[in-house]
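**Q** After the structure tokens below, expect a handful of questions from me.
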Amino acid sequence: MNAVVLFSVLFALACGQVSSFCIPTEYMMYVDRRECAYCLTINTTICAGYCMTRDINGKLFLPKYALSQDVCTYRDFTYRTVEIPGCPHHVAPYFSYPVALSCKCGKCNTDYSDCTHEAVKTNYCTKPQTFYLGGFSG
């Protein structure tokens, strides 16, 4: 009995190390433009989760590309565009944002991802909120 339990625990740990848990995850973002009367609340999906990484000893002898670690990033995504209500006529009221369709563990691509550890902006509204209910897409 003990051998079966031990084997099960070891097997579960091995599977957990091999598989990554990098998946599209629901995320709520707030779009707040200084010139517009309202803050827009958008429900979208982002890539979030765990990717297996290893810290390599002997970093001095390795090329720089071998030192970067995998992050949970977009495999496939699309952009959606919404209109922020209450903007004056001289202000472009449109805001585009990515929607994760599928994710992967890989190198962070700064062309379409924020590769910083923590976001610089805070995610909250300073004005009355309105919710995006769909309809306009780019």
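One is the number of the first residue shown, and numbering goes on along the chain from there.
Placed from the backbone N, Cα and C atoms, the Cβ positions cover glycine too.
As listed in Swiss-Prot for this protein:
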{"type": "SIGNAL", "residues": "1-20", "note": "signal peptide"}
{"type": "DISULFID", "residues": "Cys22-Cys72", "note": "disulfide bond"}
{"type": "DISULFID", "residues": "Cys36-Cys87", "note": "disulfide bond"}
{"type": "DISULFID", "residues": "Cys39-Cys125", "note": "disulfide bond"}
{"type": "CARBOHYD", "residues": "Asn43", "note": "N-linked glycosylation site"}
{"type": "DISULFID", "residues": "Cys47-Cys103", "note": "disulfide bond"}
{"type": "DISULFID", "residues": "Cys51-Cys105", "note": "disulfide bond"}
{"type": "DISULFID", "residues": "Cys108-Cys115", "note": "disulfide bond"}
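Help me understand the surroundings of these features in the structure.
**A** Of all Cβ atoms in the shown protein chains, 22 besides its own fall within 10 Å of the Cβ of Cys22 (disulfide bond). Following the DSSP three-state reduction, the secondary structure of Cys22 (disulfide bond) is strand.
Cβ-based neighbour count (10 Å, all protein chains) for Cys87 (disulfide bond) stands at 16. Cys87 (disulfide bond) carries neither a helix nor a strand DSSP state and counts as coil.
Other Cβ atoms within 10 Å of the Cβ of Cys39 (disulfide bond) number 19 in total over all chains.
Cys47 (disulfide bond) falls within a strand when secondary structure is assigned with DSSP.
Around Cys108 (disulfide bond), a 10 Å sphere centred on its CB holds 16 further CB atoms from the protein chains shown.
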**Q** Can you tell me the three-state DSSP label for Cys125 (disulfide bond)?
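**A** The three-state answer is coil.
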**Q** What's the most sparsely packed of the disulfide-bonded residues Cys36, Cys51, Cys103, Cys105, Cys125, counting other C-beta atoms within 10 A?
**A** Cys125
**Q** Could you check which of the disulfide-bonded residues Cys72, Cys87, Cys108 is the closest Cα neighbour of Cys39 (disulfide bond)?
**A** Cys87
**Q** State the count of C-beta atoms found within 10 angstroms of the C-beta of Cys47 (disulfide bond), not counting that atom itself.
**A** 24
